[in-house]
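If you look up TrEMBL, you'll see 15, 22 marked as site 'Transition state stabilizer'. TrEMBL lists 149, 205 with the feature site 'Positions MEP for the nucleophilic attack'.
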Ligand code: CTP
Ligand code: MG
């Protein structure tokens, strides 16, 4: 089943603290974003990569874009949600559309295929893993309660949708000035059900400097597998 993917890459990487977009930092000698792009460029079911960028990084991404066959470049906005919304304008208005963070280079093609199939059947599907840690609700550094972990999942990307469902959810959020932390939260507002596809704990988002150490280790493990 074919799909298109929007890859938001227009952030500034504040928490990584490099002083520039973290996606341009090297991981095993290549910019992080290239590791992410390669997964979709190589996937025969991916028909289009809509890469959402910041104007600061335009020359870097224009050069990258010319080396990949599926990339369409779009400028992002001040919030991730606005970046994804801009990405929607460059998509073909049909079929299944994925949204995947540029900062998650370890997504596996098998997970993508399961998400696409689940979205095809249900309209909306997200990658997630069960929460491993004990979670407590805390107020002023004092425990309020221990939360029952059995129904808690940590949500990742990709998130996959029928194009019209995602577009409607975004337009509604825009109208109501609602800012969600992921695409699914916008779709949930429309009361459409969202399926969860169990993904891998190593589908991490590179967010803070120590994530780069984890990333090197994950890459090494993947190379041994292949
Ligand atoms: N992103 C985007 N447009 C924004 C903000 C974020 O396209 N206005 C992208 C980032 O480039 C990243 C993804 O959304 O690939 C997830 O965001 P995050 O990990 O928070 O990255 P940054 O926003 O760059 O990092 P930070 O929040 O630490 O500044
Ligand atoms: Mg951010």
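Any Cβ shown, glycine's included, is placed from N, Cα and C.
Taking the features listed in TrEMBL, we show where each one sits on the structure.
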| residue | record | contacts (Cβ under 8 Å, 6+ apart) |
| --- | --- | --- |
| 15 | site 'Transition state stabilizer' | 207, 208 |
| 22 | site 'Transition state stabilizer' | 11, 13, 16, 32, 103, 206 |
| 149 | site 'Positions MEP for the nucleophilic attack' | 131, 133, 134, 135 |
| 205 | site 'Positions MEP for the nucleophilic attack' | 101, 103, 104, 156, 157, 211 |
